[in-house]
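Peer 1: I have a structure here, written as structure tokens, and I will follow up with some questions on it.
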Amino acid sequence: MTTRVGIITFPGTLDDRDAATAVALGGAEAVPVWHKDTNLNDVDAVILPGGFSYGDYLRAGALASVSPIMKAVIDKANEGMPVLGICNGFQMLCETGLLPGALTRNKELHFICRPELITITNTKTAWTNFFQPGAELVIPIKNGEGCYQIAPESLPELEDKGLIVARYNNNPNGSVNDIAAISNEAGNVVGIMPHPEHAVDGLVGAGVDGLGFFWSIAGVTV
Amino acid sequence: MVDTVSNAQATPEVNQPWQKLGLKQDEYQRIKDILGRRPTSAELAMYSVMWSEHCSYKSSKVHLRKFGEKTPDNDVLLIGIGENAGVVDIGDNWAVTFKVESHNHPSFIEPYQGAATGVGGIVRDILAMGARPLAVMDSLRFGDPKAPDTARVLNGVVAGIGGYGNSLGLPNIGGETVFHSSYAGNPLVNALCVGAMRHDQILTSGAEEVGDLVLLYGAATGGDGIGGVSVLASEVFDESAQAARPSVQVGDPFMEKLLIEATLEMARAGLIEAIQDLGGAGLSCATSEMASNGSGGMRVQLDRVPLRDESLTPEEILMSESQERMCAIIAPENLDAVLAICDKWDLSATVIGEVTQTDKLEIYWHDELIVDVPPRTVAHEGPVYERPMKRPANQDNLIVNTTTTLPKPTDGVGIKADLVKLLSHANLADKSWITEQYDKYVRGDTVLSAPDDAGMVRIDRKTGKGVAISLDGNGRYCQLDPYLGAQLNLAEAYRNVAMSGAKPIAVTNCLNFGSPEDPEIMWQFAEAVSGLADGALEFGTPVTGGNVSFYNQTGDVAILPTPVIGVLGVLDDVGKRITRAYSSPGSKVYLLGETKPELDGSIWAEVIHNHLGGVPPKLNIDAEKVLARCMRNFAAYGIAEAAHDLADGGLLVALAEMVYDSGIGMRVELPAELMTAEMLFSESTARALVVVPGYGDTGFHKLCTDLNQPVTLIGEIDDESDGLDVAGLFQLGSQGLSAAFQTKLLAN
């Protein structure tokens, strides 16, 4: 049966359409979910797409993290449902506490949109199991607050437990330890700052290296 | 006390601040003649903003008529000049709307908000046609990059365009950034938006049906931007510019994103009878234009307008330019469905009035009549001026001062040195530090974007149909000859679109000039409009709309006359688009078109000699059309892997740009007649570089022969070469290219 991936649209979400396209290209079915919904029905996984939910007012991802649908997302994530937060979605996951740390202003203090080289360092998550360890991918970043920070005492735990999922080859935004993506210990919840959904069709995106994320969740074997 | 209509009748002799509101004595008298009494203060506010230069086009109207008179025979124009934006047919039941608008003056005073609300305004214009906004572009001009104020203006403008467009989820697909000292006190911020819809989804602004409701939705009305239109856009800047800050509007892109989604949801459900965005002149403009464009009668209860600031007077509410508001005409039976959609998107929506049987616009404030006017006299029958025009006294001196006597390099070392100077100059250097601050990926349909010659978005995912757009201006050419200059701008935008393989079909414009009260500026304007109208006729591409920005001057010094021209083209399958970068070693490099020694008005003359004089390059519209047709065929047959037009800086600059973008070397061997500085930096028109892979070579030559396209083989892509290697002249390695293109521009 085809994997059903819920794509949540908050007011101000922008990359929901692109996430749905990528999910379909990866072989799964994209299911639209509205932020005012209170349950996820029968989806098998969830993507929190990029954008500026609630205008990023207060803090990026802060208001979305307490919206009606997020309670369901948190409950399901704790039960093991795969959740991928991309960019603004990563910020939401940090705000909910599903992932540790926070995203702060880029070190150059302005928005950056360009393809970046990243290296996959954890292939055991629900979203990266189609990659080889050490795989180098071109994935675009587009954010103003992508600088990952975590309390110094918590960083070793992240490193030691292998929870860093991807690192930038040429750190564009000042993220600590070049971190581009992290996961929880169970490996079902992943937050990533670059946009794999914009690297699934070379005609309109930055190559096709992002497809592996969506193959991973589709998990199709024939 | 509120100044009611009956009060105005009873107190004819009251002194009114018409002068402060920007009206002239005879204009004030005309209002009194129309009404048969003095206007109420609310009416005076409405007339003053609607009769301002910005809203009424009173100085430009007599000239802009030429666009209508000279519209070429065409089968693409669905809606022309007059609505919120023009609409063209691109086939398969798709309609596309695109438009450019200036936000020059606000962007100087408060660069971030000025530029941000410029984007917001043009996006709402596109939305008001019923279209889904798809992408934005911008044409920017600033003072000398080393001038002290340039960094403030540029950084603010770029952050504002990015901050608004990125938050809105619209990709930025290109544009231009140009520096010249004449823009120091008057930066140009011209924003373009393109959108698409099905033919039966086109909306217009006329309120026709008696009994329909007037719905105001989106942001609440505040005190921002009050009088912005008349104060900011219609008076020459002086030292008091700082005091104008409160007149600049403040944008909220999050609200605009909700507005887009809610409006499209209502529109696609067929719930909107007519619609208009609230931009310049706010409610004054929306109510009078919707009534005037429709059956003519409307009653509005102004006290129902939701306010951010309860202390606002009725006059201020009418003039407020608070952003992110729309006004829709709704049939009463659809009101519940419309309100439900607004509620879904958490938008406030209020019925503020209805369409009436009278031919009057009547506005009430707590049951008292404060406006009672024929709407056409506010919206469409404002003053029209035939301003005096005079060919500038120094125009002849400018023309005879050619580049003939300027010293030119005669050997490879000298030519390379000039080339490096050009590439390092702000106008040609790499602008990715600007364009990387804009999201170009969102929506997943961006096929081409900066630094490609044109931006391109896919419209139909099933068929692959898409549109290409280029925005181009050239103040140098227009200073030397505004008629020819405007046509050369049009030719360049047309050529840029053609480079992508798309077929150019329609034109829009944003005409940036100094004060219309100066006869020499008015002459420049009239010449440019004539040139553009004649050019569009000959190209066969109708002008679908446009925007005029006057008073771009500080004291007596005006900007270079700068019409910015946008051309839209169609490509049936965007998968066949041609990029500026190449990738295949062994591919041949061809120069299409003919080169003549034409350096007058060139960027070479400006950068190397700080010289502006002579006669701009010759225009050859037939040759441009042939070149564009060749490009369409190359795309259709898939036999060109890259192409780049020749414009600023000519052949060597175009070669350097291609090599730099592609990151693979190129070996060039030029015919002897091209080996002089005059030819290498010449800006002759109707030329392009095309890179052809081996399998395409035969077809390429057949097409060029069949279409009578002059073509010269000049080189080959060669991964053994480092950078650009021009035999017999110089080699400019990849490091040298990067160093030149990436020169730091701003002083701080």
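Placed from the backbone N, Cα and C atoms, the Cβ positions cover glycine too.
Bear in mind that TrEMBL entries carry predicted annotations, made automatically and left uncurated.
Below are the features I grabbed from TrEMBL:
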DOMAIN    B:19-58  domain 'Phosphoribosylformylglycinamidine synthase linker'
DOMAIN    B:82-197  domain 'PurM-like N-terminal'
DOMAIN    B:209-365  domain 'PurM-like C-terminal'
DOMAIN    B:452-570  domain 'PurM-like N-terminal'
DOMAIN    B:585-721  domain 'PurM-like C-terminal'
Peer 1: Return the stretch with the most CB pairs under 8 A relative to the domain 'PurM-like C-terminal' (B:209-365), choosing among B:19-58, B:82-197, B:452-570, B:585-721.
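Peer 2: So the stretch in question is B:82-197.
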Peer 1: Treating G and I as helix alongside H, and B as strand alongside E, what does DSSP give for the domain 'PurM-like N-terminal' (B:452-570) in helix, strand and coil?
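Peer 2: With helix first, then strand, then coil, the domain 'PurM-like N-terminal' (B:452-570) has 45 helix, 41 strand, 33 coil.
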Peer 1: So which residues does the domain 'Phosphoribosylformylglycinamidine synthase linker' (B:19-58) touch in its own chain, when a touch means Cβ under 8 Å and the partner is 6 or more beyond its ends?
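Peer 2: Non-local partners: 3-5, 7-9, 11-12, 64, 227, 229-231, 233-235, 280-282, 284-285, 288, 314-316, 318-319, 363, 365, 370-374, 377-379, 382-385, 516, 548, 550-551.
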Peer 1: Mean pLDDT across the domain 'PurM-like C-terminal' (B:585-721), rounded to an integer, is what?
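Peer 2: Average per-residue pLDDT within the domain 'PurM-like C-terminal' (B:585-721): 97.
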Peer 1: With helix taken as DSSP H, G or I, strand as E or B and everything else coil, how many residues of the domain 'PurM-like C-terminal' (B:585-721) land in each class?
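Peer 2: Here the numbers are 57 helix, 24 strand, 56 coil.
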